[in-house]
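Remarks on the structure that follows.
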Amino acid sequence: MKIASWNVNSLNVRLPHLEEWLRLRAPDVVALQETKLEDSRFPDSVLAGLGYRSVFSGQKTYNGVAILSRTPATDVQIGIPGFADEQKRVIAATVDGVRIVDLYVVNGQDIGTEKYDYKLRWLDAVHGWLAQEIQAHPELIVLGDFNIAPDDRDVHDPKVWNDDSILTSTAERAALRRLADLGLHDSFRLHNEEGGHFSWWDYRAAGFRRNLGLRIDFALISDALRPRCVGAVIDREPRSWDRPSDHAPVWVELAPR
DNA sequence: ATGGTTGCAGAGCAA
């Protein structure tokens with residue numbers, strides 16, 4: 001079972017990329033972020049033609065998340081329970097007995113801004129929710145664009161991306177560790193300890209060509225799924241295509257039960 | 001190199 005995540009940075013622009021990539025990699029489940037589409041405009045019939053069902057929660061211009069799956073998604077949850085939020089950043093569902101949580105974590109703009117405070121409050125709410133969710137659904141995978149690089153191996157230049165930078169600040173990394181401490185393991189790091197593997201490259205300054213990136217997209221798997229985890233991949237290929245998203249898709253491969 | 005690019009929307013913000 002191949003479970004993927006991709007920040008497409010506008011599904012309107014990236015639908016051809018997604019279609020091509022679905023044919024190429026044939027994932028079983030895909031969590032999308034930054035669809036930037038109202039629900040009435042979601043291309044569910046196009047995706048159905050490729051064999052995927054869709055559940056989604058979007059808005060115009062910003063944010064927007066979706067879960068695509070080959071088998072039906074059940075028990076769909078939109079947003080963080082008990083956390084009122086206009087921004088469409090969270091969708092969860094159960095597919096083939098695995099609870100899937102798709103997150104588009106707040107970017108945070110800069111340390112000390114209102115958006116940064118919102119990021120930390122939002123992450124705190126996610127932590128409280130997931131603590132419950134992992135009890136209710138031991139087979140849990142939490143994936144998406146986390147907008148946090150866990151450690152120095154996950155940034156191209158630790159001098160630039162330091163304790164005082166957005167995406168790598170002490171408080172952000174601590175918030176990510178608190179999620180890990182729930183028993184949610186970074187699947188990529190179960191299979192690869194090297195630095196220099198990134199999932200996002202700035203459009204500016206030829207970031208991708210020079211591999212000036214960050215690893216900020218993950219699939220976190222619970223203890224119960226860990227024995228089934230046989231691989232984790234960052235797929236750089238679509239980042240090399242014409243007019244790409246700034247993020248690469250990532251996925252985790254689970255062996256059959 | 002405090003710039004650079006992309007998306008949305010139609011100027012300037014968010015990332």
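Positions of Cβ are set from backbone N, Cα and C atoms, glycine also.
Caution: TrEMBL annotation is automatic and unverified by curators.
Here TrEMBL flags A:4-247 as domain 'Endonuclease/exonuclease/phosphatase'.
Annotated Mg(2+) binding site per TrEMBL: A:ASN7, A:GLU34, A:ASP145, A:ASN147, A:ASP246, A:HIS247, in sequence order. Sequence-distant contacts of A:GLU34 (Mg(2+) binding site), defined as residues of its own chain at least six apart whose C-beta falls under 8 angstroms from its C-beta, comprise A:ASN7, A:VAL8, A:ASN9, A:SER10, A:ASN63, A:GLY64, A:TYR104, A:ASP145.
Taking the Cβ of A:TYR104 (active site) as centre and 10 Å as the limit, one finds 25 other Cβ atoms among all the protein chains shown. According to TrEMBL, the feature active site maps to A:TYR104.
A:ASP145 (Mg(2+) binding site) falls within a strand when secondary structure is assigned with DSSP. Here TrEMBL flags A:ASP145 as active site, proton donor/acceptor.
The Cβ of A:ASN147 (Mg(2+) binding site) lies under 8 Å from the Cβ of A:VAL105, A:VAL106, A:ASN107, A:GLY108, A:LYS119, A:LEU167, A:GLU172, A:ILE216, each on the same chain and at least six residues away in sequence. Residues or ranges marked as site 'Transition state stabilizer' in TrEMBL: A:ASN147.
Look at TrEMBL and you will find A:ASP217 tagged as site 'Important for catalytic activity'. Long-range Cβ proximity for A:ASP217 (site 'Important for catalytic activity'), meaning a same-chain Cβ under 8 A and a gap of 6 or more residues, is found for A:SER5, A:TRP6, A:ASN7, A:LEU143, A:GLY144, A:ASP145, A:PHE146, A:SER199, A:TRP200, A:ILE234, A:HIS247, A:ALA248, A:VAL250.
For A:HIS247 (Mg(2+) binding site), the Cβ neighbour count at a 10 Å cut-off comes to 24, with all displayed protein chains included. Among the features that TrEMBL reports, site 'Interaction with DNA substrate' is placed at A:HIS247.
TrEMBL lists A:HIS247 with the feature active site, proton acceptor.
The average pLDDT for the domain 'Endonuclease/exonuclease/phosphatase' (A:4-247) in the predicted structure is 98.
A C-beta separation below 8 Å, combined with a sequence spacing of at least six in one chain, links A:ASP246 (Mg(2+) binding site) to A:ASN7, A:ASN9, A:TRP200, A:TRP201, A:ASP202, A:TYR203, A:ARG239.
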